[in-house]
Amino acid sequence: MNQDRLRDVFDGAFSRIALARKIVTPRLMLKEIGVIKSIGTGIAKVSGLPGTCFEEVLKFPGGYGIAFNIEEEEIGVILLGDHSHLRAGDEVERRGHVMDVPVGDALIGRIVNPLGRALDGEAPVISSRRMPIERPAPQIMDRAPVTVPLQTGIKVIDALIPVGRGQRELILGDRQTGKSAIALDTILNQKDENVVCIYCAIGQQASSVAKVVAALQENDALSYTVVVVTEGNDPPGLIYVAPYAATAIGEYFMEQGRDVLIVYDDLSHHARAYRELSLLMRRPPGREAYPGDIFYIHSRLLERATHLRPELGGGSLTALPIVETEAEDIAAYIPTNLISITDGQIYLSPTLFQLGILPAIDVGKSVSRVGGKAQRPVYRAATGELRLDYSQFSELETFTRFGGRLDERTRTVIEHGRRIRACLQQPESSPVSVSEQIILLLALTAKLFDEVPLENMGEAERAVRAVVLNIPPELLARMEANESLNDADRHALLWHASTALDGLGSAHAKA
């Protein structure tokens, strides 16, 4: 009996082995393996890989690279990691695909490098899907108009330079004028807006990145944010691919029908990294030693930001690229390139920054070319004359420095403009809600603040914002919704604002 059972076991095992031999056919795996000819700063010259495609990933001992220059005898490769251990003669293997990055919800709340490797000391990122970092931008017929506002929580931007979901709005200014602070405040304001945020640090100092991450953690913003980091001491190749990897992560969420905000901080470092790589590869230099395709590398990046049609999910990718100017020269090469690519710009003036006017946004040099159509109707009604009044004030204030005598009308315009400027000032990391902004803007347009002494403007603003707690819930709902306010609503809000300003110099009569 035992022999029969043993025979059955062996017969079953051998029959499965025979079946497996019929099904499985041994195959030879063809691999192309080349060798390193020379190593430079962040690049390598490789020979022996004739089938390599442009931007294909190559495997080095202990790291990866991307085929950047395809020549007859050799390939120029940009290295994506430490190359101090590499030597001439080391083997290089083709991977057969372009560079990709892990995408998905597993990345939210994580700090990673452009390769998807965790930098936050936690477990590796595990994702079932990867996407190539370089993808064609959506076709024209796949795009929808920008019609939904992206609230930044910054009064001067939401009122005068509105940003829409799917827009590309450039932030530019000299060093240390608050560019990153504006982008960070915008991320903080998306807390209850169901927007996935991506902060891409491009060649930044480690201390600057740590400060941003700390601010995100303190304000509980890391729970809806992905941080993609390259530091200044990273290889130029890794810095170069960082914004493309971050955009691929954002495109995944956009294609799921979600709204995404991505901040590139900053593209000046990206342009310099690309210039360094191009010069190392001996590509012909052009203006300011940048290669001839410097415009193209930024346009193909920023054109991926859009608002998709409802048939494609209706998701959006809003881009806030940052670029640094030198000595207030917004007509320099890289800034003008980006101004022409984007849908508007927010310019931060070092002069205003030195005067303590924060955020130091120069309204005269800032514009939003498509965001106005997405602005809430209640904002358009509240800010109808505000931009004109502020522009007139800025022009007249320049002439007052010459010490000439001013007529009554000019003095009125200047005093009104000073109160607009004071009311639009805002400390960092202090976003203002839609309802608070609307009542402030209505009070400014109605000139309720004109009787308030300048030194009391901070107190007056806080008093007006506090009356939001006393506004009927149905009126608050209309303010928050994308609806216009009728005359009765407007008068009710102005009455609340005027009441709050009693004792600070304002009068009921102006309401």
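Positions of Cβ are set from backbone N, Cα and C atoms, glycine also.
As recorded in Swiss-Prot:
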BINDING   Gly173, Asp174, Arg175, Gln176, Thr177, Gly178, Lys179, Ser180  ATP binding site
SITE      Ser366  site 'Required for activity'
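Features per Swiss-Prot, on structure.
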residue : record                       : DSSP class
Gly173  : ATP binding site             : strand
Gly178  : ATP binding site             : coil
Ser366  : site 'Required for activity' : coil
Ask   = When you tally the Cβ atoms that lie within 10 Å of each candidate's Cβ, which of the binding-site residues (Gly173, Gly178) has the highest tally?
value = Gly173
Ask   = Out of Arg175, Lys179, which of the binding-site residues has the smallest number of neighbouring Cβ atoms within 10 Å?
value = Arg175
Task = Could you name the residues, excluding Gly173, Asp174, Arg175, Gln176, Thr177, Gly178, Lys179, Ser180, of the same chain that surround the ATP site, i.e. Cβ within 8 Å of the Cβ centre of those residues, in sequence order?
result = Glu324, Leu348, Pro350, Phe353, Ala360
Remark   = Top of the recorded positions Gln176, Thr177, Ser180, Ser366 by count of other CB atoms within 10 A is Thr177
Request  = Could you tally the C-beta atoms, other than its own, that fall within 10 angstroms of the C-beta of Asp174 (ATP binding site)?
outcome  = 19
Ask   = Rounded to an integer, what is the Cα-Cα distance in Å between Ser366 (site 'Required for activity') and Thr177 (ATP binding site)?
value = 15
